[in-house]
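One structure is given here, and the rest of the page talks about it.
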Amino acid sequence: MHQVLYCLTDEHDWRLVVLAGAVCLLASAAAISLFHRARATQGVGRLTWLGLDAAVSGCGIWATHFIAMLAYGPGGAGAYNIPVTILSLIFAISVTFVGLSIAVSSSRAVWIVLGGAIVGSGVAAMHYTGMAALEMPARVHWIGSTVAVSVLSGIVFAALALLVAVRRDDLFHALTAMVLLTVAIVAHHFTAMGAVVLTPDPTLAIGGLSIPPASLSFLTASAAVAIIAIALVAALLDRRARGELGAQQMVLDTALENMSQGLCMFDADGKIMLFNERYAAMLRRTDIALTGRLLVDVLREEQAKGEWQGDADEFFARLVADAREGRTTTDVVNRFGRSIRVVNQPMQSGGWVATFEDITEWLEAQAKISHMARHDALTSLPNRVLFHEQLEQGLRRTRSGDQLAVLCLDLDHFKDINDSLGHPIGDALLKEVGRRLTAAVGESDTVARLGGDEFAVVQIGRSEETAARSLAGRLVEAISAPYEIDDHQIVIGVSIGISLSPQDGSNPDELLKNADLALYRAKADGRGTYRFFETGMDARAQARRLLEMDLRAALQRDEFEAYYQPIRDVASGHVVAFEALLRWNHPQRGLIAPIDFIPLAEETGLILQLGEFVLRSACTDAATWPDDVDLAVNLSPVQFKNPNLIASVIAALAASGLDARRLELEITESVLLQNSEATLATLHELRAMGVRISLDDFGTGYSSLSYLRSFPFDKIKIDRSFVSELATREDSMAIIRAVTGLGRSLGIVTTAEGVENDAQLELLRREGCTQAQGYLFSKPRPASDVAVMLNRPRLLASA
């Protein structure tokens, strides 16, 4: 030790020693940084970084040695053999490369220590080979113990440097490893120089292939510093790039862990390379190691536990084959009661990336949307779309011998109930109708709600007429039974039209059209019944469609005209009023009676335009009559629901100048079945204007007397059905007697309709009926005949 200290203090120039130490420190810093880069990469990248690290380390050791040798006083008179000097550099680089490669290849301490020891041995190999290159007039002797200490110090400190470096790639550990590696090189060099004993020998001469120490030291130092600087800059740039990459990786990892989807990456062999927590949680694989395992092994384990259904090997083989052939596949698997969609996307490497999405709620939502699109929201029955599909399926079965019947149903007077009792009651009624229909049909039959109060049934396999007739009878009976809804007892009927396949049609549209035609006949025949399709119905429907087209055209061509029928005072015989009745002068068919087109006008909504026409023209005509002759105009239920009714009456009176007290509006009991509060409010508003209100067809409804109590009518009109049977039925006479008596008691005028002979008129006079109207006095005539009807008590129907 004394020899080492003496050598260091007395035989070296401290200025050059410091320079050598600085070069060694710089080289060590670059070497440790490059070592970290090599450990962070794989494959060719690692070899590149290891080669650069070995070159920097070897040059640094080599430069440190020769700068320090320049500081060595006794060596100043010598020179260095160039080939041996180059050999020392090769030893420094190659041996260091071996040591670094071993240290990088494993995380186990024993291999890292071994690698560090080899690096330390490389320092010794370079040093003693470099000393062998020294040529001077002296012989070199070595102190063996000191040589051993020098070698051992280099090995120990180099091993410690790499152990510290691998622990963590941060500034503290990097600086510590740099210092330890610097100590390994410097301690070895100066200890080894303390083992040198020089014996002068003038016979020894310097060879021709040699270079002076100063020149060699300058050249090696310059080259080494340049290489080290370049390497250090490269390492720093790489560290920065890797820092940015690490940040990006952190962002990617965060994104992966916060994905709503599970993700797993497989290599070409089907080995799991990476996955996120969502994948493990979704497939309940959080408790098993996954990275590095073959997917097929995981599937086999789950198959053994009953968590995987199917052949694991076959499934795995298909995935690998699809990935190799570049096919993207999508599967839906059921795991633990959840539906998971798996999309396998191949990679160029031959592996694939699989994404896993829990679509259970999505499938449920889709099923709900599909159900909503194909079922009625109120009754949950199939809607028109699904009914059409079921009908098509049934028709396909008929081609193999089965038969089929289509029944179209329409509730009778449902609109009146809906308007009078409110939509909630109407909705509840429709639900109950749906339940009754479902209970009445067979298991293979389909019940659907087509819209509003329209229902339909497909009867499959038993479509002979007797089976369809039996089903229609059950449906009429089921629907007609009383309903109890929110303390309301409701009775409603149903009309049914029936078409049979194949005789009435071979496609859904044709069968539905023909069933609808039969339904229209059932309604026309009095409702509450059923009818089968007949060939002639299509012709009648066509005639009805033509009539509707003519009706629309007639409004534009001004083919309508108001006719008037006189109403006479029974006691005096004077005309007290005229009732306005609409007539249609068809250019081809002549005069068409209201009964032939008014129902159609009400169905199509054209009654609103016709009603306004009658009101305007009748008021205009009445304004020319004597002031004591009034005007009676009928209002249909459709007109009464028109919110512009009051405005239309006001406009007609204003345009004609007719006194409102001379206008009498006739309504039927069906008007009062509608929204009663709104109806009564409209009636009172009309009365407040001075318009009189009469109740037409009195006695034919179920609640006529109650209506007299709810509103103070000015007149009640006795229906013609009672008048026509006066001479033949005592009950008709009793009803008229009761109505006229009621009128006298309430101070209400009574008018009898349909008076056709003197006997009827005499009976009505005797019972105290106030007014009479009918063909006995005159049939309805145009406005030009009003003067004649005023002056002549009677105009025969033929006159």
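Each Cβ is built from the backbone N, Cα and C atoms, and glycine gets one as well.
Remember, TrEMBL labels are computer predictions, not curated facts.
Taken from TrEMBL, the feature domain 'MHYT' covers 12-199. Summarising model confidence by region, the domain 'MHYT' (12-199) averages a pLDDT of 81.
Feature annotation from TrEMBL assigns transmembrane segment to 14-35 (among others).
If you look up TrEMBL, you'll see 47-72 (among others) marked as transmembrane segment.
Annotated transmembrane segment per TrEMBL: 78-102 (among others), in sequence order. Within its own chain, the transmembrane segment (78-102) has Cβ neighbours under 8 Å at 35, 38, 50-51, 53-55, 57-59, 61-62, 65-66, 111, 114-123, 125-127, 129-130, 132-138, 158, 206-207, 209-213, 216, counting only residues six or more beyond its boundaries.
TrEMBL lists 109-128 (among others) with the feature transmembrane segment.
Taken from TrEMBL, the feature transmembrane segment applies to 140-166 (among others).
The transmembrane segment feature in TrEMBL is assigned to 178-198 (among others).
Taken from TrEMBL, the feature transmembrane segment covers 218-237 (among others).
If you look up TrEMBL, you'll see 402-535 marked as domain 'GGDEF'.
Marked as domain 'EAL' by TrEMBL: 544-794.
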DSSP assigns the residues of the domain 'GGDEF' (402-535) as 60 helix, 40 strand, 34 coil
